[in-house]
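I have placed the structure first, in the form of structure tokens, so that the comments after it can refer back to it.
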Amino acid sequence: MYCSGEQYCNQWAVKIVGDPAAADALALKHGLDNLGVIMGDYYLFSSRRLRRRSTRPARHIQHLLSAEPEVAWVEQQVIHKRVKRDFFPSSPTADPLGNSSRYQIEHPNSHSLWMDNGAIVNDPEWPKMWYLNRGPGYDHNVREAWQLGYTGRDVVVTILDDGLEWSHPDIRANYDPEASYDMNSRDGDPTPRYEMSNENRHGTRCAGEVAAVLNNTFCIVGIAYNAKIGGIRMLDGDVNDWVEAASLTHNRQHIDIYSASWGPDDDGRTVDGPGKLATIAFQEGALQGRNGKGSIFVWASGNGGRDSDSCNCDGYTNSIYTLSISSATEGGSVPWYSEACSSTLATTYSSGSVDDQMIATTDLHHECTVHHTGTSASAPLAAGICALTLEANRNLTWRDLQHIIVRTARSDGLIATDWVRCAEGRKVSHYFGYGLMDAGAMVRLARNWTTVPEQHECRISYGLPHKGWIVPHRSVLTLHLSTDGCLANPGRRVAYLEHVQARITISSGKRGNLAISLVSPTGTKSILLPRRSQDNARQGFRDWAFMTTHCWGEKASGRWVLEVQNDHWESATLMKWELVLYGTAEPVGPNGAISKSLQPHTARSPSSSGGVRSPSKGFFSKESLYLTYKRLWPQ
């Protein structure tokens, strides 16, 4: 179904300076078809004279289009390998931490039917929806949100996937054609392609978790059972940059939440992310989507735990614009497939070992299943909880929602060896982020939430020599970088953190033998890259943005420490380290407003410290940049 390697399509994404008529004329001039707008002023051109796929690029067409004065940018489309993040229930019985993930939780209401204004839930799979009905501390506390009157009404969620069986009895009443499209066939009907293996069941399963109808005596109830649900069919065909970008921007003033349970291969050796168009789609979605409040992108963190994969090598879950969601088993343990990474924000329940219960949802052919699995099942649960939260406060921005998740997620009951308490007092884990999403707590906090201050971005580059720093074999290179968070530039100043990126370029004899960590000025350590035993690539990383959410709310100024460990017998070379701080100039209070009780951290002035100021990049003392080496093993 998917092609790997450099497989070129007979299509070009072209940015045109001009109107659609100019695009039509340009395509006609070069014997191409203008298939229409991808987004904004980006158009899709196609050649009928070329094969649909080729291992060689059509450079002559690329050169002809690039020479046109009205063409600002052009790129031949390359097929991407994108995989769904579920699996058949034939999982190992052990998880990556060696814990048994199965134990019986006794709760008096675990199989009782919930009463809603005197109406008994009559959906037959309700007793198997353990992640919604086990009671306080053992589920997502969705019933409290329902009891407060929040059911997702007037919120629109779209599933980016392999199609949506919108005629399903548990979906049809909530189906929204305006939130749907078929990118693979280029028409308005996202119905999946049916075949013997039912491989295109994935999107329909994800959709039911979000918005299956309540009390229709069929299948399940969705978390946001009054939300509108749509589907973008985009995985059942050639997936490339334009397909992803068009899916991420489809009707973004109408759609509130995009849920994606797929990504690059979770094989422990792939490093891949969105292309130029999809990257722009994320950025513009945050700036322009939902009438300026920002589109919500919910993403499954990945199923590569068995192969020592890291979702920080996945540019979708690693993006500041996505809510990266991990999984927990029925017993609160780390699933065998879970990936540990610092970009994960929070967790929802999903499958575990063969003895654990899985997720109940809708299935193809108007059927139901209780076997939905992996982080594929976790992301739609999060999307449904986000829909309840948006109903509680329609003015929430994309960053407001992330703040609310960080403040309300629960660590209690989740079993991991790496829980730490960060400087803000919250517990955080590379496996679970800030913990299990709590729908009741989220809607309560959202009701009186005030929009957070403007997001600022502060960039500080470490002054590496032209040829970079050598990281000898079996050694650790430690770099120290001090900053005041761009204090001198009011438009860039970051005093209180949200997301933090380390943009790194490094060469290596074996990429999988590199390990990278970042320590904040308050001592919070984020594992940006663990060793990946399956990754034998020699090309290293090129301007890769490793991201952490673990410093959320901490003060930005002070000394940051980057540690690069090289376990390979060949040396590595660090060519670039740029620290990117995202956050606010003012402290954010418990309800989102600027806190009056907290004072922004102030750094020493240049005159008192003898330092120098770099334009737009904050204040550095002369001693702020230095490095050390540590030999791991003797020669």
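We count from 1, first residue shown onward.
Note: Cβ is positioned from N, Cα and C throughout, glycine not excepted.
A sphere of 10 angstroms centred on the C-beta of Asp161 (active site, charge relay system) encloses 30 other C-beta atoms. In the three-state DSSP scheme, Asp161 (active site, charge relay system) falls into the strand class. The active site, charge relay system feature in TrEMBL is assigned to Asp161 (among others).
The Cβ of His202 (active site, charge relay system) lies under 8 Å from the Cβ of Lys84, Asp86, Asp161, Asp162, Leu235, Ser261, Ser376, each of which sits 6+ residues away along the same chain. Per TrEMBL, the feature active site, charge relay system maps to His202 (among others).
Look at TrEMBL and you will find Ser376 (among others) tagged as active site, charge relay system.
Cβ atoms under 8 Å from those of the compositional bias 'Basic and acidic residues' (184-200) belong to residues 1, 35, 162-167, 177, 230-238, 243, 364-365 of the same chain, restricted to positions at least 6 beyond its ends. According to TrEMBL, the feature compositional bias 'Basic and acidic residues' maps to 184-200.
Feature annotation from TrEMBL assigns compositional bias 'Low complexity' to 604-616.
Feature annotation from TrEMBL assigns domain 'P/Homo B' to 451-587.
For 177-200 (among others), the entry in TrEMBL reads region 'Disordered'.
Among the features that TrEMBL reports, region 'Disordered' is placed at 592-616 (among others).
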Do you know the mean pLDDT across the domain 'P/Homo B' (451-587)?
96
For Ser376 (active site, charge relay system), just count the other CB atoms lying within 10 A of its CB, please.
29
